[in-house]
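Down below is the structure, laid out as structure tokens.
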Amino acid sequence: MLILTKTAGVFFKPSKRKVYEFLRSFNFHPGTLFLHKIVLGIETSCDDTAAAVVDETGNVLGEAIHSQTEVHLKTGGIVPPAAQQLHRENIQRIVQEALSASGVSPSDLSAIATTIKPGLALSLGVGLSFSLQLVGQLKKPFIPIHHMEAHALTIRLTNKVEFPFLVLLISGGHCLLALVQGVSDFLLLGKSLDIAPGDMLDKVARRLSLIKHPECSTMSGGKAIEHLAKQGNRFHFDIKPPLHHAKNCDFSFTGLQHVTDKIIMKKEKEEGIEKGQILSSAADIAATVQHTMACHLVKRTHRAILFCKQRDLLPQNNAVLVASGGVASNFYIRRALEILTNATQCTLLCPPPRLCTDNGIMIAWNGIERLRAGLGILHDIEGIRYEPKCPLGVDISKEVGEASIKVPQLKMEI
């Protein structure tokens, strides 16, 4: 979603009485003895209030989520104070639903894991404040979670994936390529120099007024573009992928957005319609934008694979590429990445679409991973703060660019 403002402020702090009443609402019968680790994960980094209970074997014992998509579609993007208020209104209910569904008493939890970075400050604050109150009442360890690390490691919940592996994280707020060498060991190969791909898709969908399209009125921008693109001609407009001559693994999407805006303005004049009306060529525009984005993602990822293999950071055969984040739920982009992995003797793995978007399961699982590895488990919660901006791992993107790797052309027959 498009972020309309960057409001900062003091985060919501639930009263101790409310948390105490919340805990008293659980009346579990004794008898079940949990012999393994169980983590409650809480996610409020953007516009989804989510919670889940996961055990160390990867079983999802309970989950709940409240999506704000419908509200933000009406405002044309996420308004942080509005998102904060919706998190406040729903977080207690969502956590309670996840715990109730799991059948796990709060006292039987091994730890509580919560997203504290990166994300919208006001949204992060709600989740952190609620979690710290809960941790204080239950006297449980607290595990701070990096949102993008959680996306990267989700695949280890659904598939047996060993380190190292390459991950492409693509969402509404992020776009990066990283080598995952361990639970908390990441090498950043490239990132977006401007906006994220999901943000760009939302802006294009908004400019095309797809919320007025009868088939797309309840869809997020990215989903609307993917849906409409199936009906369009991806070659109707000639748009070159961004950073075509830059031999690194960085991404850029503002140029693609601006070119698309010009095409839309031109077509509006040709069709004699005003801004805000649906173009007859909307499906062709959606298909072209989606295809161009896919080609851009593939080329940068191709270079990352070649770089990692040249430096023996990945095995020469059967290396794993993981695509995660909300945009990775786009099946056209997945098929494009499959063409790449087939050409480079790699294996493409993607979490199920529902685990690509923000969710509590990935946060709880990241907590399990850290609990097993003994990393970042806090018993003293004094001074913990959320971090709206936070890099991922060690940045070696300059080294990647200096390698100046030429990428062979691939036939994108999708």
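Glycine is no exception: its Cβ is also placed from the backbone N, Cα and C atoms.
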From Lys13, Lys240, pick the one Swiss-Prot annotates as N6-acetyllysine?
Lys240
Divalent metal cation binding in Swiss-Prot involves His147, His151; of Asp312, Asp358, Asp380, the partner in that site is Asp358
Which one, Asp185, Asp202, Asp238, is listed by Swiss-Prot in the same substrate site as Leu169, Ile170, Ser171, Gly172, Gly173, Gly222, Glu226, Ser329, Asn330, Thr357?
Asp202
Of the residues Lys16, Lys74, Lys212, Lys223, give the one that Swiss-Prot describes as N6-acetyllysine.
Lys74
Can you tell me which of these residues Swiss-Prot lists as N6-acetyllysine: Lys117, Lys140?
Lys140
To which residue among Lys139, Lys160, Lys203, Lys389 does Swiss-Prot attach the annotation N6-acetyllysine?
Lys203
Spatial neighbours of Gly222 (substrate binding site) among the recorded positions Lys203, Lys230, Lys240, Asp358, using Cα within 10 Å, are Lys203
Reduce the DSSP letter at Leu169 (substrate binding site) to three states and note it down.
strand
Where Gly222 (substrate binding site) falls in three-state DSSP terms:
helix
Is Ser329 (substrate binding site) helix, strand or coil when read with DSSP?
helix
Out of Gly173, Gly222, give me whichever of these binding-site residues has the highest number of other Cβ atoms within 10 Å.
Gly222
Between the two most separated Cα atoms in Leu169, Ile170, Ser171, Gly172, Gly173, Asp202, Gly222, Glu226, Ser329, Asn330, Thr357, the residues recorded as binding substrate, what distance in Å do you get?
18
